[in-house]
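Here the structure comes first, spelled out in structure tokens, and everything after it is commentary.
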Amino acid sequence: MNSKLFSPYTIKNVTLKNRIVMSPMCMYSSGNEDGSVTNFHLIHYGTRAAGQVGLVMVEATAVLAEGRISNKDLGIWDDNLIEGLHKTTTFIHDNGAKAAIQLAHAGRKAELDTNAFAPSAIPFNDKMKIPVEMNIQQIKETILAFQRAALRSKQAGFDVIELHGAHGYLINEFLSPLTNKRTDKYGGSPENRYRFLREIIDSVNEVWDGPIFVRISANDYHPDGLTVQDYVQYTKWMKEQGIDLIDCSSGAVVPAHIDVYPGYQVQYAKHIKEHTKIATGAVGLITTGSQAEQILNNNEADLIFIGRELLRNPYFPRIAANELGFELQEPYQYKRAPGKIHTNK
């Protein structure tokens, strides 16, 4: 049986063997608290590649040490971190998948002993520290850090990079009027609030020629915040700058109640795709092959990002293939165990 989920997908100069993406998920497992890769990361990502994921995306990786969520985050702020990341891409490639990395800065959500930085001195909630409002020099240094991180990503062998512009982290904080109260050229109008991301994309384009994704929070879930329609305009600007795909998540900009249900964020991928004609990724409580296949067949998204389901079962692609009646070729090492995987779901 033919399956769109298991059909190849080419984006720019990279061809994925299927449409399944391992969504970036922080593991907080840099054992030396120096941003370095550990054996856990090699096993964690290599296993999902062996499980037949098309694109394995490494978790949010900090472009500056002070931009980590925690001191156990992965980092890419120094050349000495390239070696471990290169081992990771080698594990991924050797097991048949393409490798991506999410470049990130936590902004006001950095939970370190040092200062947190943000576009404006507004804490996420009353339990978190008041961040330092970034001055122009700090903004420029952070933009340069993203560029250097992109170059290190190339040296480490990644095929795709994703800029983390979602979930209330630094880029998202500049985009949203809830967190950006600046009165200079980086605040105020949508064009000014987009300027930080615009300059990051421009700087990354100078050193990176592969596909670039951007993860967005397409809904602030706040009456004064951004909606998916605001992100239509942001996406049009990103598309003009050469961004290849928008990874459509939502929320976490400010504390808010979110009604979650299977596929609750697919609507955002569909809306962005329809109104901008850019490729999109759907993410959020997508847990079955039939659900993923329907999203693709309905032209609501181009790639399917799977998170927690891949934590529960690194061989999710095999289960999805069984469900869809698609014959997935297992790694040759596992050919002595043909047939269906049985689950208790």
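Even glycines carry a Cβ here, placed using N, Cα and C.
Close to Arg308 (FMN binding site) in the fold, though at least 6 residues off in sequence, lie Met25, each with a CB less than 8 Å from its CB. Swiss-Prot lists Ser23, Pro24, Met25, Cys26, Ala60, Gln102, Arg215, Gly307, Arg308 with the feature FMN binding site.
Secondary structure from DSSP puts His167 (substrate binding site) in coil. Marked as substrate binding site by Swiss-Prot: Tyr28, His164, Gly165, Ala166, His167.
When other Cβ atoms within 10 Å of the Cβ of Tyr28 (substrate binding site) are tallied across all protein chains shown, the result is 12. Counting neighbouring Cβ atoms within 10 Å of each of the binding-site residues (His164, His167), the lowest count belongs to His167. Non-local contacts of Gly165 (substrate binding site) by the CB criterion (under 8 A, 6+ apart in sequence, same chain) comprise Ile171, Asn172, Leu175, Leu197, Val214, Arg215, Ile216, Ser217. Here the C-alpha separation of Tyr28 (substrate binding site) and Ala60 (FMN binding site) works out to 10 Å.
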